[in-house]
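Visitor: Feature annotation from TrEMBL assigns ATP binding site to Gly9, Pro10, Ala11, Ala12, Ser13, Gly14, Lys15, Gly16, Thr17. Positions annotated as domain 'Cytidylate kinase' by TrEMBL: 5-41, 59-197.
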Amino acid sequence: MSFTVAIDGPAASGKGTIARAVAARFGFAHLDTGLLYRAVGARTLLGEEPEVAARALRAEDLDNEDLRTPEVAQAASRVAAIPEVRAALVDFQRSFAMRAGGAVLDGRDIGTVICPEADVKLFVTASAEVRARRRHAELVGKGHDVTPGQVLADIRERDARDAGRADAPMVAAEDAMHLDTSTLDIDAAVEAACAEVARHR
Ligand SMILES: Nc1ncnc2c1ncn2[C@@H]1O[C@H](COP(=O)(O)OP(=O)(O)OP(=O)(O)O)[C@@H](O)[C@H]1O
Ligand SMILES: Nc1ccn([C@@H]2O[C@H](COP(=O)(O)O)[C@@H](O)[C@H]2O)c(=O)n1
């Protein structure tokens, strides 16, 4: 039987960290849907048309650490505003969500568009400053040469584009539980999310 957990939220809010932990705790499969848009965005940086890249996407394209750069994140956010790109990625996400044994998907439109009937919906937030601090530390740890100011600007630009687009904008589902992680460490955030999942199991 399927059981779907939808986790949405803005850039670097911690939704991926929570999604991975929830999946591990409950034995669910996990899909980071941002990787789909990042993989399409990365291909456009090489000159491919976004719609063509989205239709040609394969699961193995997601398994690439090079997708986690700020340049690819911006390209992902730009292609994510194109309705044909989003449409080409819907079936893959919905099939993943329906797999037996349970699934956790994190992104921007999971609880609203991809899985409006999800069993559990979370909308994970944190202040832009806190998110930028965490993402800056992560990028520096991976050897990227970025300033805190650049990371904050990137996050604000992506948030504005993701929330402002006409098709599947980033917005909390009406029935989502809001989880602000600004003052929570990872363990506390994960425990709050797991408690919500357990409540619906
Ligand atoms: N509650 C927390 N306390 C401290 N650091 C955190 C917390 N949650 C996540 N982090 C760290 O913040 C960074 C961003 O987290 P994560 O990648 O989970 O965010 P995300 O919302 O999935 O990002 P993206 O939108 O880019 O996919 C990571 O380095 C992660 O380890
Ligand atoms: N369901 C989703 C997931 C992601 N996006 C877009 O992709 C960009 C990168 O996503 P990350 O989660 O890896 O930060 C993001 O800024 C969105 O534009 C989306 O539209 N829908």
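Quick reminder: no glycine exception, Cβ is built from N, Cα and C everywhere.
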Visitor: Sort Thr17 (ATP binding site) into helix, strand or coil using the DSSP assignment.
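Guide: Once the DSSP labels are grouped into three classes, Thr17 (ATP binding site) ends up as helix.
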Visitor: May I ask which residues of the same chain, at least 6 positions away in sequence, place their Cβ under 8 angstroms from the Cβ of Gly9 (ATP binding site)?
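Guide: Expected: Lys15, Asp106, Arg108, Leu122, Phe123, Val124, Thr125, Met170.
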Visitor: Should anything in the same chain at least six residues away from the domain 'Cytidylate kinase' (5-41) have a Cβ under 8 Å from its Cβ atoms, list it; otherwise answer none.
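Guide: That would be 50, 53-54, 57, 61-62, 64, 67-68, 72-80, 85, 89, 92-93, 96-97, 99, 101-112, 114-115, 118-126, 128, 131-132, 134-135, 154-155, 158-159, 162-163, 170, 172-173, 176, 179, 181, 186, 189-190, 193-194, 197, 201.
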Visitor: For the ATP site (Gly9, Pro10, Ala11, Ala12, Ser13, Gly14, Lys15, Gly16, Thr17), what does the 8 A shell look like? I mean other same-chain residues with CB within 8 A of the CB centroid.
Guide: Ile18, Asp106, Val124, Ala126, Arg131
Visitor: Relative to the Cβ position of Lys15 (ATP binding site), how many further Cβ atoms are located within 10 Å?
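Guide: I count 30 other Cβ atoms within 10 Å of it.
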Visitor: Do you know which of the binding-site residues Gly9, Ser13, Lys15, Thr17 end up with C-beta under 6 Å from ligand 2?
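Guide: Cβ < 6 Å from ligand 2: none of the binding-site residues.
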Visitor: Count, for each of the binding-site residues Ser13, Thr17, the other C-beta atoms lying within 10 angstroms of its own C-beta, and report the residue with the smallest count.
Guide: Thr17
Visitor: Per DSSP, what is the residue count of the domain 'Cytidylate kinase' (59-197) in each of helix, strand and coil?
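Guide: Split into helix, strand and coil, the domain 'Cytidylate kinase' (59-197) gives 81 helix, 15 strand, 43 coil.
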Visitor: Please state whether DSSP places Ala11 (ATP binding site) in a helix, a strand or coil.
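Guide: Looking at the DSSP assignment, Ala11 (ATP binding site) belongs to neither helix nor strand, so coil.
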Visitor: Can you give me the same-chain residues 6 or more apart in sequence from Ala11 (ATP binding site) with a CB-CB distance under 8 Å?
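Guide: Once residues fewer than 6 apart are set aside, Ala11 (ATP binding site) is near Ala73, Arg131, Arg135, Asp154, Ile155, Arg158, Asp159, Asp162.
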Visitor: For the domain 'Cytidylate kinase' (5-41), give the DSSP counts of helix residues, strand residues and coil residues.
Guide: 20 helix, 8 strand, 9 coil
